[in-house]
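**Student:** Shown below is the structure under consideration.
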Amino acid sequence: MSAFIVLGAQWGDEGKGKMTDYLAENADVVVRFQGGNNAGHTVVVGEKEYKLHLIPSGILYNDKLNVIGNGVVLDPKALFEEINYLESLGVEITPDRLIISDRAHVIMPYHRILDGIKERARGNKDIGTTGKGIGPSYTDKMERSGIRVCDLIHKEVFEENLKETLEVKNKIITEIFGGEALDYNEIYNEYLGYAEKLRPFVKDISVIVNKKIKDGKEVLFEGAQGTLLDIDYGTYPYVTSSSTIAGGVCIGAGVGPTAITNAVGIAKAYTTRVGKGPFPTELLDSTGDWVREKGHEFGVTTGRARRCGWLDLVILKTSARISGLTSFAVTKIDTLAGLDTLKVCTGYRLNGEIIDYVPASLEDLAKCEPIYEEFEGWDDSIANARCYEDLPENAIKYLKKIEDFTETKVSIVSVGPKRDQTMMISEI
């Protein structure tokens, strides 16, 4: 195994940060390839808890190279706030440990402003954006009007690009939405300061990452969000603005598909999502409330309560197919301890037909009735399991169902938030 992917197999919040931290122990390089500081990863090391948004989870190891790829949209203000936060917890961050793609696009103040304005303008049709400027930054990237990191650190290029872009953005903000114009000098001076601080970290990451792979180093690609939030294969428009699936690695980190050897899908033992959109297995009762409280299902980035539901194997099967997953890592199976009976969705009934895939149409997905199979539960002793044989028999049956239905093995099981509560039960 030389280069492998860790990505979310549901609607995000599956425990990718913890799994990346666990797998990073044997990696040499950890690469973020998409998204921005809208992501939220929580990693527990000993008695310390770290909340990461932009910087790869490998930063918690002293001997790893961490990479922010060109597919990421970078908010310099958020980056340096996160660096200061980590350094306050004793994590050293230097250009030897963190590098940033010169091709990554930069989130500007007008992106955050427009994100909020447009979301409010949607009224009850809002899509649940985090308001961090992610979508507008990706929009500028596709419209070829964005500012990249390599532009930002070249003063003359940045000056010219900012003048041209801000003139257009201010017209949109003031004339269309009735907002206040942004001040050029204020933005220019603020971002010049960021440019100087960024400069030592900026590299052509594609060259470096490919050389690491060629030299036989272990490279881990860390995804953000989840498969059902992918811009193409997610529950559009209630999605993020980037490609969250395995194919996004090639574009977002500048590596070829033949370089990737394995892809691990991270899946909770139940299902959650934040914000609006269809959710076939959602629990709108006391069981859903119980799972939310026991699983601490509140967003790291937004603090919003997550919607909770039964495990949806249709979603996992779809994720395995789209990303060519070689295995699953199942997290938070301990959260379900104490329930006498569990349900697992094994298909949807749509217009009288049974299907085992996620339909593209939101209207169709909203009409899907979940078909359930019931399983007997297990008790809280599962949190003490440290190997596969320690797991309760009913939990093993539950995991076996995931494998059989998705035709994808379960390689890792997590029974709690700490590093030592993770067990590898087969090769990934």
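Positions of Cβ are set from backbone N, Cα and C atoms, glycine also.
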**Student:** To which of R97, R304, R321 does Swiss-Prot also attribute binding of IMP at the site defined by D13, E14, G15, K16, N38, A39, G40, H41, T130, R144, Q225, T240?
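**Tutor:** When Swiss-Prot describes the IMP site, the candidate it includes is R304.
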**Student:** List the same-chain residues at least 6 positions away in sequence whose Cβ sits under 8 Å from the Cβ of G303 (substrate binding site), in sequence order, or say none.
**Tutor:** none
**Student:** Give the maximum pairwise CA distance in Å, whole number, for the residues D13, E14, G15, K16, N38, A39, G40, H41, T130, R144, Q225, T240, R304 listed as binding IMP.
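**Tutor:** Between the outermost Cα atoms of D13, E14, G15, K16, N38, A39, G40, H41, T130, R144, Q225, T240, R304, the distance is 34 Å.
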**Student:** What is the separation, in Å, between the Cα atoms of N38 (IMP binding site) and V300 (substrate binding site)?
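**Tutor:** Given the Cα positions, N38 (IMP binding site) is 9 Å from V300 (substrate binding site).
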**Student:** Indicate whether I333 (GTP binding site) is helix, strand or coil by DSSP.
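**Tutor:** Helix, per DSSP.
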